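Colleague: Quick one: the structure is below, questions incoming.
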Amino acid sequence: MWGGCIQFRISVPGAKIICFKGHHMSRMSIRGQGQVTGKRSCHLHPLLRCAKGLLLCRPAAGLRHLQNQQNEPSQDPHQCADSCPALHSDRNHLNKEAEAMEGQNPTCSRHESAYPIQSQVSKSKKQRNYVDGAAVDDLKNLWDRLQTLQQSLTEMPYAEGLKPLKNFTSFEELLSMGGDSLLNDLLDIQDSITQCCIRASKYLNKEGNCTSLNYYKQPFIAAVYGPTGCGKSQLLRNLMSAQLIVPTPETVFFITPQVDMIPPQEIAAWETQICEGNFLAGPENTVVPQSGSIMPRFIQMSYAQLTKDENYDVTSPNNIFANAASKGPIAIVMDECMEDLGGNRGIAKFFHAFPSKLLDRFPKCTGYSVIVVLHNMNPRRDQGGNIANLKIQAKVHMISPKVHPSQLNRFINIYTKGQPTAISLLLKDIFNYHRLNTNFDWIVYNTEPIDNCMHWMYLSPQEGLIPMYLNIQGKLYQALERIHRTLTDRQRWTRYYHSKKK
């Protein structure tokens, strides 16, 4: 079905399906309640395929410490008994804490002396650690991810400048030759990864996909970067129909250089998709609107109308945005306006000052979204500073892998300074892989994610919106460095031993 992109089998009537046809995404609502099973054909980067299974990780277990202890000495018969039976053996006394009568099994004083008569059990200085079954499973889970990461780092084209990391040849060799210190450190890293997955799972659905881009954070300012033909206009409609922006806007303002630039079929597509994004399937064959409006409004505007003085003043009765905000959430979408944005007229107020005034003045306006489409990540013409302000104020950057690699590399170098160099190179390899192997896919960078796993996300027609877990990849790389350091130290001490032996 739909060109072999997605094949669905509906087992019971009553489900909602979000599907893509090529680069087009639409939703089908089926009456009743039931399940949908799907078969997808996707071409994900190997590391992204591995990220889909991160939520299946188990809590990390520690090492079980068993010491070389002597046998417990037999109890001295002259010592007091552990428990002394009271006079009321059936415990029917009103005061359960009543002491026994004098001479009837007197209680013993439990105060420990500073100098006990019996010497403490001697302990061996060296302790042996035994890994229990749960810890072995956690280490095996970590080992599989380390193998995937190391293979991806080795095979990517950017690996020439990376230092090769030593590793054990097999998992069995790691268990037998790793040592207690290394295994403990690896289990700590696995436990940290597990905690990250648990925190992130609260914001994901059962398939491990993100349910929203902003998770009700306001205002929502987004920049979309991509060359002509990469599906930017379709992406904008899909964000509305897939309900990735919450709350759902009741009024969508579509800004273009001229109003007559929009063909009738595109207007119909906008009206259809923002309408279907406003409803969810309800009980008993009903649909439930997600906003206070049954039919969201779609208003076309030119860039000249946007920059009118009356639209900057929230108190003006002619402010079209204020009038719409008094009824509910609004969204402003700017498409094909990069040349106008580079002019002298500044519109930076729409990115920071205007939304705060609008949200404070109108309680019904619970959502304010601005999405700006740019063909170039670094345009030369920006006389009014609009594009520079947009990049600063934007909370979400949606980047097509089709963008020129030099611009992508510059963006990645700026926004991954806290990550290891290997992870930054890996992100560049992910962009390059999807530039060559996929179409209409997007990489999303969130400056203020609800969870650190969602700083970088991947938006695919087949897979939806999935987190890339770059923070977890950084922890995995830390584990690889820990193994490398252990093996390097052993080799150095081995050389030192042989040199002294001669």
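Positions of Cβ are set from backbone N, Cα and C atoms, glycine also.
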Colleague: What range among 63-70, 271-278, 311-318, 495-502 does Swiss-Prot describe as region 'DNA-binding'?
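Modeller: Of 63-70, 271-278, 311-318, 495-502, Swiss-Prot gives region 'DNA-binding' for 495-502.
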Colleague: What residues elsewhere in the chain lie close to the region 'DNA-binding' (495-502), defined as a C-beta under 8 angstroms and at least 6 residues from its ends?
Modeller: none
Colleague: Neighbourhood of the ATP site (Gly226, Pro227, Thr228, Gly229, Cys230, Gly231, Lys232, Ser233): other residues with Cβ within 8 Å of the Cβ centroid, in order?
Modeller: His375, Ser400, Lys402
Colleague: List, in sequence order, the same-chain residues at least six positions removed whose CB sits under 8 Å from that of Thr228 (ATP binding site)?
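Modeller: Residues satisfying the criterion: His375.
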